[in-house]
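S.K.: My questions all concern the structure below.
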């Protein structure tokens, strides 16, 4: 595996799509193509460039959306809650040093002016077309009214915290291309700003549409700060992880106040969506007691333990309206966590899972009352024949709110290969309307993903998302397949590599057995060699026997000869030779 | 990636299932399991051991089926066609040396006595239960009458050439577990018997149910000989590849006589099934003229070129009845090749593909007239939403003859990852009735698979086949998932590794971040650490709050307290707290 970006590939170059009237610039990669052997040119192929404009880690990205946000005149700066000692964990090592390293902007946080809601859903419902919607429309190649109306209806979200002005707008909804999220973050202490930023960039480089920072260790606040300031994609978090750090890991010590304070801290930093496990109700916990794998969501197990330990209903559920009020002030989207998702095929589609889904549906509507954007998280581990029911039930119960699933894995027997077991389920669930897929890496269930695992996870999920787009008949989804297949048939090897999701690996694999430069233009490859190359023979047929009309003439000759032979042998036209059954 | 067999894994041991009454022994692997934390024992988990009893490459395997075959008294030895100089290719280097190396049996070939048919289908149709059927029934855990009746109806095949007595019977049909084929063979000259045998063993070690030898280079006859003598699984070939070697790669020089002679040569060696591209008819060729990727089957392109070049109908189609007569004498099964399968999403389910399928259906019935076993090959490259139509159409047109597909790939844009793009389609097509899946390796479209690629391909396809078995509701299919998930929840790490498709990789991945021996028994892993381990918390909940009844009691207390609080706040029972919606 190589560690370079597809953008470094020889046929790739950076460019922009522009909407000059509205001052919108969407970064794209142009993939140059050679002419066909018959001299016909092949237009460059354009794909969205998720990496954004690129940044110096210690300075961050430019604040692309700053003017769009301020022009709406509905936000104001205020004296922030400020970073507290406990935000980075009791044993954080680098707070001082890290602050000195940072050379970029230090902005006071924004939030809605009193009584205002600053969510994209709020604007959409009021018929307002925002620059964020225009960016998304240009990026997706759709009419901006489709974007507005889907966001207004709650069927799509544009996660864009006003405090993350660096982000490039993207949309999550079943009317749009299927998106992929990559999880990063770990519990180890890392060494520098650059390293944290590099992880996030590595994921986006291979096409992650959003990134979740699931860090649970020390320096959690500072780590997240660096990631957000450099991220061109929306950042998601699970705030209960940080809240738990603040109570030294004792989940019984969690309180609504600590949680709310953590949420506000993250709102001020610019987190774009947060996983909230507010659907794990006290009365649902016993439904998991006889499961094969119990509760497998971290947030779900923490809340279940809290509810039973306190003999009380979840503080997340009880205070959900206050969360909505907070989120509406920053445009943070809910990602309603499925804390009771199944962790094995045996537990799939059970009472616990579907009971929680009904509560998530109720919470979706409550959030919509505050114009807060919502997506709903889904499983998990599901046998293939039960996958479709998950998305259809979620879509029906949650009135079309975007579904965001982890896989699902369609078998439990292949640890080490769960990117594959889950890509099978992910393609199926996306095909029927799931809007975003959370990747799974080969290390799932076993350990922390390294750089190669992240890349493998992202590419595997780009495959799943793309295959689902094609299966859904999403407009233009098959264009890249067709361009690559045409290049393949015409032995344009460089174009075949350039158009693939991972050009370097494709070229490396080719070169392993036929490394010489002439092999890049050879009309065969090492799989079959020249004598057995079906595509070469197939092309020779076209060269030798011409186009379809000429071939048909040859067939007629052959059939005429056959018929003559047949008649000469005494055959009758009423009993045709079985070699040529009438049809 | 490690190169050792799962059988070398510490919890695995070799054993047999036995049917003593009929003298049948089926090799299995017993996967030992530790007791559960509550002291309950976990029975060893049993899986079929595809590797067979193991062999010394220069001596081959024992002739397991020799007595079964001779006891039927319907075959006789005869003076073989004998190996000819051209059989190994004009430039073969090792014929002399290789013959001297061989120390195993030198058997005269068997074929049916005059007028007899020696196929499993023939026996099944006559109501005869063969030892092969008993072996299969024990292996699959089904009633032998199901085996007989499915074979009699043509809905399943047991590919077992009388000249491959070393093979362990296996069955391919939709009523049985989904099978996986691995392709081996290349065009390079290899160095020793041991190396050829090792490739086949490597594939079966990871679970390949059949192996196709697609060699096209020198020493093709000798290579195949060694593979067959050592193979516990059925061996398939594409005889037109060897025929083409005999005419120095000039496909216009092919004749029926050369082809037939090659087929007989391979029947005498013991090939169990052969791909025959007899459905590529002259009149179908123009249907491919405007495809994006033309003809992508080697055999298909060779035959298309021959038909157009000769202005004649395919000699395979014209002489199909003679082929049936030959196959019936050895019990060779047809694998009817889909020479016009699509090579890109753009060409999927087109007129060329489905026209050929109709001819394959006609040929299936012709073969059945001779009691010859048949399976039908399928694509290829198909968008996910069109996959199901392929198997349903094939099953309907071909009266349930087993379908054997290559993938299909559900997108063309990921060369280097086509084991994944194709596993998605393979799971879908198997779920709806495909009986055997031909693996695709990461090197597909790019180069020759190496040892790691073969392993990755086989395991990826074991995942697809297994996930399809689960989705089909195949009896007992989920047992291994449940056993592994139970081990996972109980932190029996060694059992989790041992039960997985690739124990070594699972253990390696785990050890990358937590290598110490105590971590194998730790109640968490490096993914989340102890504080965030949902399964540990979930178990703690069970330990602390007891079983489902005790948990329900706590919930009642919580709800009673809530209700009290609610009443005290002046609430009315007619407007329940939204925190507890009635349901």
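Heads up, residue numbers simply count up from 1 along the chain you see.
Glycine is treated like the rest: Cβ placed from N, Cα and C.
Worth saying up front: this structure is predicted, and the values here are computed from it rather than measured.
Straight out of TrEMBL:
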type: BINDING; residues: A:183, A:212, A:241, A:277, A:297, A:298, A:299, A:338, A:339, A:340, A:341, A:377, A:404; note: substrate binding site
type: BINDING; residues: A:525, A:528, A:533; note: [4Fe-4S] cluster binding site
type: COMPBIAS; residues: A:35-53; note: compositional bias 'Polar residues'
type: REGION; residues: A:31-57; note: region 'Disordered'
S.K.: If we take A:241, A:297, A:339, A:341, A:528 as the binding-site residues, which have a Cβ under 8 Å from chain B?
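M.R.: Only A:241, A:297, A:528 pass the 8 Å Cβ test.
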S.K.: Can you tell me the CA-to-CA distance separating residue A:404 (substrate binding site) and residue A:528 ([4Fe-4S] cluster binding site), as a whole number of Å?
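M.R.: Checking the Cα atoms of residue A:404 (substrate binding site) and residue A:528 ([4Fe-4S] cluster binding site) gives a distance of 42 Å.
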S.K.: Which number gives the other C-beta atoms within 10 angstroms of the C-beta of residue A:297 (substrate binding site), all protein chains shown included?
M.R.: 27
S.K.: Hey, how far is residue A:528 ([4Fe-4S] cluster binding site) from residue A:183 (substrate binding site), Cα to Cα, in Å?
M.R.: 40
S.K.: Counting across all protein chains shown, how many other Cβ atoms sit within 10 Å of the Cβ of residue A:528 ([4Fe-4S] cluster binding site)?
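M.R.: Total other Cβ atoms inside 10 Å, all chains included: 20.
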S.K.: Between the Cα atoms of residue A:341 (substrate binding site) and residue A:533 ([4Fe-4S] cluster binding site), find the distance and write it as a whole number of Å.
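M.R.: So the alpha carbons of residue A:341 (substrate binding site) and residue A:533 ([4Fe-4S] cluster binding site) sit roughly 48 Å from each other.
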S.K.: Where residue A:299 (substrate binding site) and residue A:525 ([4Fe-4S] cluster binding site) are concerned, what is their Cα separation in Å, rounded?
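M.R.: Cα-Cα distance, residue A:299 (substrate binding site) to residue A:525 ([4Fe-4S] cluster binding site): 50 Å.
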S.K.: Could you give me three numbers for the region 'Disordered' (A:31-57), the DSSP helix, strand and coil residue counts?
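M.R.: Output for the region 'Disordered' (A:31-57) reads 0 helix, 6 strand, 21 coil.
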S.K.: Out of A:183, A:241, A:339, which of these binding-site residues is nearest residue A:533 ([4Fe-4S] cluster binding site) by C-alpha distance?
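M.R.: It is A:183, whose Cα lies nearest.
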S.K.: So which of the binding-site residues is most packed in, judged by how many other Cβ atoms lie within 10 Å of its Cβ, out of A:241, A:404?
M.R.: A:404
S.K.: Within 10 angstroms of the C-beta of residue A:183 (substrate binding site), what count of other C-beta atoms is obtained when all protein chains are considered?
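M.R.: There are 21 such Cβ atoms around residue A:183 (substrate binding site).
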S.K.: Taking only the binding-site residues A:183, A:241, A:297, A:339, which one has a CA atom nearest to the CA atom of residue A:525 ([4Fe-4S] cluster binding site)?
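M.R.: Result: the closest of the binding-site residues to residue A:525 ([4Fe-4S] cluster binding site) is A:183.
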S.K.: List every residue in the same chain as residue A:339 (substrate binding site), at least 6 positions away in sequence, whose Cβ is under 8 Å from its Cβ.
M.R.: A:277, A:279, A:280, A:295, A:297, A:299, A:300, A:301, A:303, A:304, A:356
S.K.: Within 10 angstroms of the C-beta of residue A:533 ([4Fe-4S] cluster binding site), what count of other C-beta atoms is obtained when all protein chains are considered?
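M.R.: For residue A:533 ([4Fe-4S] cluster binding site), the count of other Cβ atoms within 10 Å is 21.
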